Structures are given as C-alpha cells and as structure tokens.
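Asker: Have a look at this one before I ask anything.
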Amino acid sequence: MLFRHLVLIISTLMVANTAWSANLPPREKFKRPDSIPAPLSNPLTLEKATLGKTLFFDQRLSRSGGMACATCHSPDQRWSDGRTLPLQAESVSNARRTPTVLNSAWLSALMWDGRATTLEEQAVLPITTAHEMNFDLASLVSRLQRIEGYRPLFTQAFGDDSISQQRITQALASFQRTLVSNIAPFDRWVAGDEQAISESAKRGFAVFNDKNKANCVACHSSWRFTDDSFHDIGLPSKDLGRGAKVPSQVTLMQHAFKTPSLRDLSIDGPYMHDGSIRGLKTVIKHYKSEAIQRESLSKDMQKFELSNLEESDLIAFIQSLDGGALKIQAPMMPE
C-alpha cells in the first residue's frame, strides 16, 4: 500500500513537471549573442574603448569638475546609482531613476523616453543637461585639449591627437558597448547545464512565460529580457514619458516608458522609471492588480493571480539572471 502511495505521488509530480515544462519557450530564444554590435560609423576597437573608459570616469567632463559619468553609473551599483532619484535631481519635475548602462550596445532607443537612438547621441545628453554635468561641448573640448595626457590616448584611438566632440562621444559609446553582463546561472542553464538553476527558478521561468499567469515575457523578451519598446504600466505618475516625444493623439505612448532589462537587478531596487517601488514582491503586487486603469494602459497589463509558491518561484527565476557585479577598476586620470 505504501509502495502504491509513493508511486502515485511520484507520478503526480512527474505529470505536473511535464505540464509546466511543456509550456516553456525554446531556450535558444534567450541565448546570449556571440559578439557585440557596433555601427559602421564607429567600429569597436580596444583603443577607443580604453579612451572612452578614461573619459567615463573623468569628473572633468562636468562643468564643476566634480561629476563623472561613473558618478551615476557606478560599477559598484550595477552601473546605476542605487538611488530612487539621481543626484541633484530631487527638485526636477518628473525626475527619473538612473538606468543601468549594462548591455547598452544592443539598445535601439536610449533614455526612459527613447529620446536618443544611438549611444553616440546619448553621450551628449548628460554632459549638457543642467541638473547633471551642466557643461557645454565646446568648453569641454577646450578643457581636454589643455590636458596633455589625453593626447596620446586620442592618437591611439583615432590616429592623431585631435580632440573633438565627435571623437569624445564615439569613445564614450565604444566603452559603454563593452559593458556586458557577466554569465548568469540562467545562461548556463540555457547552454544545457541542468544543475545551473534551481527547480524553483525553472518553475518561475514557466510562470514568467505563461500567458495565463504572469506573462512577463510579453514585454521582457530576448536574452536581455526587454522588448526595447515603450509601455504604460499604470504607475501613478504625471510624467508622460514617451508620450511627450510623440504626437498627443498617439494614446498608447502616454505615460509609456522603455521596458528595462531584468538582468543584474539589485536585490531590493529601486525599480520602475521613477524609482517608486522597492522589492520584487512589491513589483509583482503592482503587476497583479494595482495598475491604474486608463486609456493608455498597455494591453499586456492584465490582472492575474499567483500562489505564494509561484511568486517565490518567479523571484527565484529573476534572481537567476544575476551574473554578479561587473567590476572594473577606475583608470588613472591623465594630467
């Protein structure tokens, strides 16, 4: 009798396991790429990336000389700043959380509202924004031209020591393209290592992809877990996001923001474009039932129910996307 009971339990577990496994998409959809993309107008080279790294960490790119790109995009904070709102942005209307620059080589739209389409274009924005680095590019070029130590770096990167706005942005973009997430346990599982992630994470992957459950994959797709598109997810914010950059009649873009990647998230946030949510449980709670209902709300924002186990499994899966901090030592500053 005991034997038959054990057989029944094992059979039930096998059927359940087969059921959720059958719903999984092919792992290949989430396989990491083998190379880093770069535009033909700015081929990726070690020399340009090395120059870009120095510029990225140099506080002299700001008017005050006290803020670098790395101030808000720190290696110690998953290439963000760990803050709800950026430094000096507390008084800014509709301030937005600092996004990570990890895996930005693959982005087709940058900034939360997609106002930049290339890393080269984006590199200008924080330098010239008043509540960020608050500089002008002509003055920056003049400042760097007076720093003798930069001349050999520009020569190695571009063939001569001429310093220009274009070369500065190309170098910064090149360095950012080299910032790629470390291999995560999920990546090893995708590659065939069945022991790389827990059974809980595997079940969470099923919940993540199940249209009748969380259906996170509707927006968080591809190996970076983003569709690179814009969605209104029903946050109580007056910020129009992408809607302020397109004609007002484009209703779906009102309150819409770029889908962030789920790779290498910090343990407790802050999350969302405005840093308004901390903790993955609170994020799940929002998606389950707390989105503000309005005309622009994404069609993928459908209420759903999860058991406590399914929530825990979903969080375990998201945590399996963490490859650990991409540590880079700050370079010596040229004089």
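Each Cβ is built from the backbone N, Cα and C atoms, and glycine gets one as well.
Annotations for this protein, taken from Swiss-Prot, read as follows:
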type: SIGNAL; residues: 1-18; note: signal peptide
type: BINDING; residues: Cys69, Cys72, His73, His273; note: heme c 1 binding site
type: BINDING; residues: Cys216, Cys219, His220; note: heme c 2 binding site
Asker: When you average the Cβ positions of Cys216, Cys219, His220 for the heme c 2 site, which other residues in that chain have a Cβ within 8 Å of that mean position?
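Answerer: Neighbours within 8 Å of the Cβ centroid, excluding Cys216, Cys219, His220: Phe208, Asn215, Val217, Ala218, Ser221, Phe225, Thr226, Asp227, Thr259, Leu262.
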Asker: Report the nearest neighbour of His73 (heme c 1 binding site) in space among the binding-site residues Cys216, Cys219, His220, comparing Cα positions.
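Answerer: It is His220, whose Cα lies nearest.
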Asker: In Å, how large is the greatest distance between any two Cα atoms among Cys69, Cys72, His73, His273, the listed binders of heme c 1?
Answerer: 19
Asker: Measuring CA to CA, name the entry from the binding-site residues Cys69, Cys72, His273 that ends up nearest Cys216 (heme c 2 binding site).
Answerer: His273
Asker: Calculate the distance in Å between the alpha carbons (Cα) of Cys219 (heme c 2 binding site) and Cys72 (heme c 1 binding site), and round it to a whole number.
Answerer: 26
Asker: Cα of His273 (heme c 1 binding site) to Cα of His220 (heme c 2 binding site): how many Å, rounded?
Answerer: 15
Asker: Which of Cys69, Cys72, Cys216, Cys219 (the binding-site residues) has the most other Cβ atoms within 10 Å?
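Answerer: Comparing the binding-site residues Cys69, Cys72, Cys216, Cys219, the most crowded Cβ belongs to Cys69.
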Asker: Measuring CB to CB from His220 (heme c 2 binding site), give everything in the same chain under 8 Å that is also at least six residues away in sequence.
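Answerer: Spatial neighbours, sequence-distant, of His220 (heme c 2 binding site): Phe208, Thr226, Asp227, Thr259, Ser261, Leu262.
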Asker: Near His273 (heme c 1 binding site), how many other Cβ atoms are within 10 Å of its Cβ?
Answerer: 22
